[in-house]
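*Asks:* Sending over a structure as structure tokens; questions will come in a sec.
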């Protein structure tokens with residue numbers, strides 16, 4: 001085959017072909033350098049994320065993909081066997097298609113990255129979706145490129161797609177856990193049980209969402225370490241999302257001893273109500289003499305903190321507790337303390353001296 005090429009073409013034709021191929025390669029590389037070194041930095045200053053993405057794509061130019069194109073351009077003036085000419089044409093076309101795929105892939109990566117950063121400042125839910133959508137877009141791109149390349153190589157694409165349908169079932173069974181996490185990530189993106197930045201509690205673990213990936217979700221705990229959850233396991237768990245909290249309902253109890261006078265018992269709900277309503281960002285619901293416990297009279301208070309901020313809630317509850325202590329001191333009231341009562345064995349009736357003393361009652365437990 002090489003002898004046939006040398007026989008059908010003069011040395012001058014071969015040298016011209018080599019010169020054209022080298023000139024084409026140098027020209028393509030010079031264009032690539034000009035685009036990346038001169039034009040790209042200027043386009044990067046544009047506000048449009050699409051323009052910035054295409055500017056970044058110039059850096060994805062591959063030398064080994066430009067070489068087959070240059071060789072094909074250089075050999076166009078030569079007399080080549082049909083098989084050689086068609087092979088060079090197919091290789092050059094595949095190289096061009098793959099190079100375009102690299103450009104588009106880099107543009108997609110850049111665009112989704114910039115959009116994620118931009119939307120995270122506006123809408124955390126949209127930022128969460130961009131990660132998964134970016135992966136799916138690139139998956140579709142490379143799947144199409146693979147099918148086009150196989151078609152150029154002479155493979156039967158229709159039969160291949162049918163075979164993939166059958167083989168896909170076997171693959172799905174083999175990687176069902178991975179697919180479960182992938183579909184779970186799509187469910188997280190579409191259903192939005194939480195987004196980046198939300199504070200959640202799962203079982204005895206809690207923290208803020210840092211990233212929702214294709215297989216795992218990363219959570220930064222309060223103590224600083226990173227918690228990694230499988231997406232599928234996370235959706236199967238009971239998730240408490242405090243970021244969706246608009247206002248916080250708080251219930252607490254106050255207990256006073258049995259010897260508290262009736263008039264003070266009647267004034268106590270109003271006193272507690274005044275203390276709670278004096279705080280900012282608080283809406284009182286009720287304050288009632290709830291019941292007569294084993295060792296004290298119990299009052300139950302319900303109010304709402306008009307903010308999801310946990311630290312603000314604790315500040316308000318602390319201020320209410322301090323005001324209650326001051327008010328009780330001023331009104332001559334006392335807080336109930338747990339009392340243990342025992343019967344003396346000598347006070348029992350005949351035959352009961354060895355009886356077990358009854359268990360002491362306990363005071364009301366605080367409600368958090």
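Using N, Cα and C of the backbone, Cβ positions are placed for all residues, glycine too.
Note that the structure is a prediction, hence the values are computed from the model and not measured.
Among the features that TrEMBL reports, transmembrane segment is placed at 14-39, 51-71, 86-105, 126-149, 155-175. Here TrEMBL flags 136-176 as domain 'Mechanosensitive ion channel transmembrane helices 2/3'. Per TrEMBL, the feature domain 'Mechanosensitive ion channel MscS' maps to 177-243. If you look up TrEMBL, you'll see 250-335 marked as domain 'Mechanosensitive ion channel MscS C-terminal'. Residues or ranges marked as region 'Disordered' by TrEMBL: 348-368.
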*Asks:* If you count Cβ pairs under 8 Å, which stretch among 14-39, 86-105, 126-149 touches the transmembrane segment (51-71) the most?
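*Replies:* So the stretch in question is 86-105.
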*Asks:* What is the number of residues in the domain 'Mechanosensitive ion channel MscS' (177-243) that are helix, strand and coil, as DSSP sees it?
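*Replies:* Computed counts for the domain 'Mechanosensitive ion channel MscS' (177-243) are 21 helix, 26 strand, 20 coil.
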*Asks:* Return the average pLDDT for the domain 'Mechanosensitive ion channel MscS C-terminal' (250-335) as a whole number.
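*Replies:* That stretch averages a pLDDT of 94.
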